[in-house]
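My questions will all concern the structure given below.
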Amino acid sequence: MNIATLPPFAAELKAWLEQRFPAAAQAALQAAALVASRAEEGHVCLNLSDMAGQHWQGIMLPELQTWRVALLQSGFVALTEGYAPLILDGDRLYLGRLWADELTVAAELAQRASATELTPKQARTVLDPLFAGTAGDDGQRLAAATALLNRIAVISGGPGTGKTTTVAKVLAALVQLEPAARIVLAAPTGRAAARMVEALKQARDRLPIDMITRAALPEEAQTLHRLLGFRPDGAQPRYGPGQPLGLDILVVDEASMIDLALFARLLAALPRHARLILLGDRDQLASVEAGSAFAELVRQAGRTPDGSRRLAAATGARLSPGRPGSALADGIALLHVSHRFGSDSGIGALARCANAGDSQGALQLLRAPPPDLAWQPGLCRDWQGLLLAQLQTRLADYREAVAARDIDAAYHHFHRLRLLCALREGPVGLEAINRLLETRLLHQDPRRQPWYAGRPVIVRVNDSVLGLANGDVGLVLESEQGLRVYFPQEAGWRGYAPTRLPRHETAFALTVHQSQGSEFDEVWLLLPDEDAAVLSRSLIYTALTRARHKVAVWGSASTLAGALQRSVQRDSGLADRLRVPADSIPSED
Ligand SMILES: Nc1ncnc2c1ncn2[C@@H]1O[C@H](COP(=O)(O)OP(=O)(O)OP(=O)(O)O)[C@@H](O)[C@H]1O
C-alpha cells in the first residue's frame, strides 16, 4: 500500500495503530486505512464484504473471513459491546465515533418514531381552511397532515415543490392548536437560515389566517451550530442530553446538509416531547462530512396500516391500505410537483434528466436549449476566453456599484449570477477560477494585496463571537474607515475590518458543495475536462437547482455524461437500524 497516496487522516491513523498495536496484521491495518479513507469520502462505514478479495491501493485485500479474523485479533477492533478505536458491527467496520453517532441517531429516532401527536380530527379541523379548494389527496395537504400527526416528520421535495408553503401552513395550524408551544427554526448554514426566513415570510403573507395567528408565526432562524451552542474550539455543544434545548417544535430546512455527527448532537439535545420537522431534497448532494441521514430517512417512506388510516382521516384522502413497515414511515412525506419549474422549464427538465442519470436526454436538451438553458460545449481551453469576455460584460454593473460604494446595489448585482465549480483544484477548479477573475477581470494581484474593493469572500467557519456562520458571503467595499467586509444582517449591513474575519476565501466562484442552501437568478456550472470521482448525478442536480431563472453549462458532453452515469451512495448502517417494525417499539402515548 502506498501510504503517500492515502488521505492524511487515513495515513495518520494507520501509523498510530501500527505503533500502538505492533502485533496487528497488515490486513487489519489496511482495513483501518481503508475505513478512514472512506470516511473522508463521506461513508459512515466500510462494508467488508464489498471490498474483500478486491484490489485497493495496489494490494489485494483478504477474503472476508480471513479479514475478520485479522481485525478481531488486531487489538484495535471491538465487536459492538466493546470499546476500541474501530468497531466491527456485522460485516460493517466503523471508526468508533461514527459508530457511536449512528447508534445515537437510530436510537433517538426510534424512541420518537411511533409517537403520534394530534388526533386526525384535530388535524383535519385546522387544515381544512388552510387547504380550502384543494383535494384531500393533494401532496402538500398530505405532507402537512403528516407533520401534524407524527412527532418526527420529514418532508422531501425538489425546488419549488412547496416545502416552505407546506410548513408555513403546518406552523399556522400548530400556532392555533398549541398557542404556548415554543417554535424554533434552524438550518445548517447561515445563508440557508436567511433564505428560510425570507421564504416563510412570503408564504405566510399568502395564508388565509387571521392577524393573531400571523403575528405568532416565528420570524427568525438560526444555524444549527448556534442553536446547539457549539463553541469555536469544542467538539461538544452546550446543549445535549443533560441540558436539552428549550423548545417544543423544531423545523430544520436544508436537512440533507446535516452530517451524521451533527444529527446525533441535534437529536441528543432535542427534548423527548418536541416535534421535529425536517425539510430537504433527498436528491441533493449529501453533507460534506460523513453520512447521508436525510436521504436514508426518506428511503423509509411508506405507510403502516394505522398510519394510513390516520392520514386518510386527517385529509379526507382515499389512501390505499398501508403495509407493515418501518416505525418512521408514517412521518415521511414526498412532494413531487414543482411550482417553480413548470412542465415547460428547461432547468426542471434538465434536473430531472440529471436525477434519472439520463445523459442522452440531458445532451439532447442542451443541444437545442430552451430559453432558460445554455451550453458551451468543448474543453475548457476552448471556452475560457469566452467565459472571461462574457463575465466582463456581466460584472460591469457590479464594478460600478463597488466604485460608487453602494453596498445594496453591489450585493444585488453580485447575487444575480454565480459561477459554480464542480472541483476545487485543476484549471476550472474553484481556486483557479477565482484567481482568473481576480487577476484578469478585476486586475488585482491577490498574492501581493489580498484585500481590495469588490472582493467577495465566503466565511469557512462558524464564529459565534463575531456573529458569522460558515457559508456567509460578504463583499469588500471602501468606507471612511478604509476597506470593510459587509455582510447582510437582519436590518441592513454589518461591516468588519478584513483583519477580524475568521477563516474565509474568495467567492467569485463557489464549489457546488458551498452553494448548497443558496439560490441565484442565474448559475454557470463549470465542468472540468477530465472525469473525476466526485462528479455525480447529485452534484449536477444540486448545481442546476440553485438557479431560479437560467443555467449555463460550460463543459464537454463526455464530462457531463460521465457525471450523470455516477450515482454515489454512502455506506452506512442507518437504514438497516431504522428498519424497525412499527409494532416492535413501545409507544409512549
Ligand atoms: N400549491 C401551490 N399552488 C401554486 N403555487 C404554489 C403552490 N405551492 C407553492 N407554490 C409556489 O411555488 C413557489 C415555491 O414554493 P415554496 O417556496 O413553498 O417551495 P420550496 O419547496 O420551499 O422551494 P425551495 O426549493 O426554493 O425551498 C412559491 O412561489 C409558491 O408560492
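For all residues, glycine too, the Cβ spot is worked out from N, Cα and C.
Remember, predicted model here, so these are calculated numbers, not experimental data.
Just lifted these from TrEMBL, have a look:
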- GLY157, GLY158, PRO159, GLY160, THR161, GLY162, LYS163, THR164: ATP binding site (BINDING)
- 149-447: domain 'AAA+ ATPase' (DOMAIN)
What's the number of neighbouring CB atoms sitting within 10 A of the CB on LYS163 (ATP binding site)?
26
Do you know which of the binding-site residues GLY157, GLY158, LYS163, THR164 end up with C-beta under 6 Å from ligand 1?
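Cβ < 6 Å from ligand 1, in sequence order: GLY157, LYS163, THR164.
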Within the domain 'AAA+ ATPase' (149-447) only, compute the mean pLDDT.
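Computed over the domain 'AAA+ ATPase' (149-447), the mean pLDDT is 90 on the 0 to 100 scale.
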What number of additional C-beta atoms lies within 10 angstroms of the C-beta atom of GLY157 (ATP binding site)?
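Here the count is 23.
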Could you tally the C-beta atoms, other than its own, that fall within 10 angstroms of the C-beta of PRO159 (ATP binding site)?
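There are 21 of them.
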In the same chain, which residues outside the set GLY157, GLY158, PRO159, GLY160, THR161, GLY162, LYS163, THR164 have their CB within 8 A of the centroid of the CB atoms that define the ATP site?
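Near the ATP site, the remaining chain residues are ASP281, LEU335, SER338, HIS339, ARG340.
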Where's the emptiest Cβ shell within 10 Å among the binding-site residues GLY160, GLY162?
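Counting other Cβ atoms within 10 Å of each of the binding-site residues GLY160, GLY162, the minimum falls on GLY160.
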Can you name the residues of this chain that are 6 or more positions from THR164 (ATP binding site) yet have a C-beta less than 8 Å from its C-beta?
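Counting only residues 6 or more apart in sequence, the Cβ neighbours of THR164 (ATP binding site) under 8 Å are MET196, ALA199, LEU200, GLN202, ALA203, ASP253, LEU279.
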